[in-house]
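Annotation comment: Swiss-Prot describes 14, 173, 174 as ATP binding site, evidence class sequence analysis. Marked as substrate binding site by Swiss-Prot: 54, 141, 153. The domain 'PUA' annotation in Swiss-Prot covers 280-358 and is backed by sequence analysis.
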């Protein structure tokens with residue numbers, strides 16, 4: 001088995017907190033220099049590299065002399081603001097020694113949810129790569145409240161992979177890869193060397209929380225691979241403790257777990273719909289509507305909706321659930337939540353009499369709908 005990095009041209013590399021800090025107590029500058037050196041060698045082989053690096057909050061904790069990761073959002077934001085300065089300065093110093101420029105890019109869900117800002121971010125990243133600059137990306141934790149509570153850089157790295165249409169996402173962690181069970185608890189656990197991204201069995205294998213310093217467990221990495229696969233990108237989950245891991249992967253050596261993108265690649269706009277917009281509510285469908293969407297490729301009509309949850313406005317994203325509560329699709333809704341409740345289970349020709357107007361005959365048009 002050969003590593004998917006060997007034939008790849010554009011790569012997103014995500015480095016976890018444990019690989020860039022001194023056990024969470026500030027940045028490990030020798031480790032950052034090591035990652036920079038490997039990235040430089042990849043670039044010399046003709047590969048383009050975007051780096052998603054954790055470590056800002058851990059560095060902020062060190063500078064503020066905090067021994068434990070705080071739980072209060074405003075304290076996390078303060079740590080991120082202080083630590084981001086040190087993180088970017090350290091990387092800049094490392095890359096300058098190789099006569100390369102680096103660029104800081106801080107993103108939030110809001111940046112990627114707005115179509116215009118999404119396209120601007122993509123253009124900026126493409127320009128930086130053309131200029132031989134190494135983009136260093138992190139979440140803008142200082143302003144993104146819900147990202148600090150629920151987000152992680154694994155997810156961000158996957159969304160960046162979609163954004164720039166990278167060939168491979170490499171997630172480096174302190175574990176060797178994905179195992180059939182938790183190797184810390186089960187001595188019979190075996191490394192999964194290769195599997196299909198999005199495989200339900202693989203998602204069941206993954207579990208457990210991350211460290212006190214970082215936020216991402218193995219499940220977030222497996223779900224990140226599923227997201228990356230929507231733009232046709234493969235994912236490698238490997239140990240950053242392996243010597244020269246990036247260089248060896250680029251040479252074709254199989255290290256860690258490869259999760260292959262074997263699903264149909266979504267068009268760029270539908271990738272944006274699937275992963276870059278936050279869901280504001282859910283609608284539950286009957287079996288007929290599920291079949292119409294999943295098999296027939298139809299639009300979602302109000303008659304096929306049995307329940308509405310959430311408080312959403314026209315044009316926002318809602319998840320489409322089957323009768324068992326499993327999300328099968330999501331899309332941009334043509335009516336707000338209150339209106340949707342009034343027209344559910346009703347034929348489209350009744351909408352005007354129920355609401356006093358008709359915007360669209362569909363609740364979600366198929367052009368604004370993506371199957372998951």
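Numbering starts at 1 and runs along the chain as it is shown here.
Heads up, the Cβ atoms here are built off N, Cα and C, so glycines get one too.
Shown here: features listed in Swiss-Prot, placed on the structure.
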residue : record                 : DSSP class
14      : ATP binding site       : strand
54      : substrate binding site : coil
141     : substrate binding site : coil
153     : substrate binding site : helix
173     : ATP binding site       : strand
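The average pLDDT for the domain 'PUA' (280-358) in the predicted structure is 93. Comparing the Cα of residue 54 (substrate binding site) with the Cα of every entry in 14, 173, 174, these being the binding-site residues, the smallest distance points to 14. The binding-site residues in question are 14, 173, and the one with the fewest Cβ neighbours inside 10 Å is 173.
Geometry remark: residue 141 (substrate binding site) versus residue 173 (ATP binding site), CA distance 21 Å.
Annotated pair residue 174 (ATP binding site) and residue 153 (substrate binding site), C-alpha to C-alpha distance, rounded: 15 Å. In this structure, the CA atom of residue 14 (ATP binding site) is 7 Å away from the CA atom of residue 153 (substrate binding site). In this structure, 174 is the one among the binding-site residues 141, 174 with the smallest number of other Cβ atoms inside 10 Å of its Cβ. Separation of the C-alpha atoms of residue 173 (ATP binding site) and residue 153 (substrate binding site): 12 Å, rounded to the nearest whole number. DSSP assignment over the domain 'PUA' (280-358) gives 26 helix, 24 strand, 29 coil. Within 10 Å of the C-beta of residue 153 (substrate binding site) we count 27 further C-beta atoms, all protein chains included.
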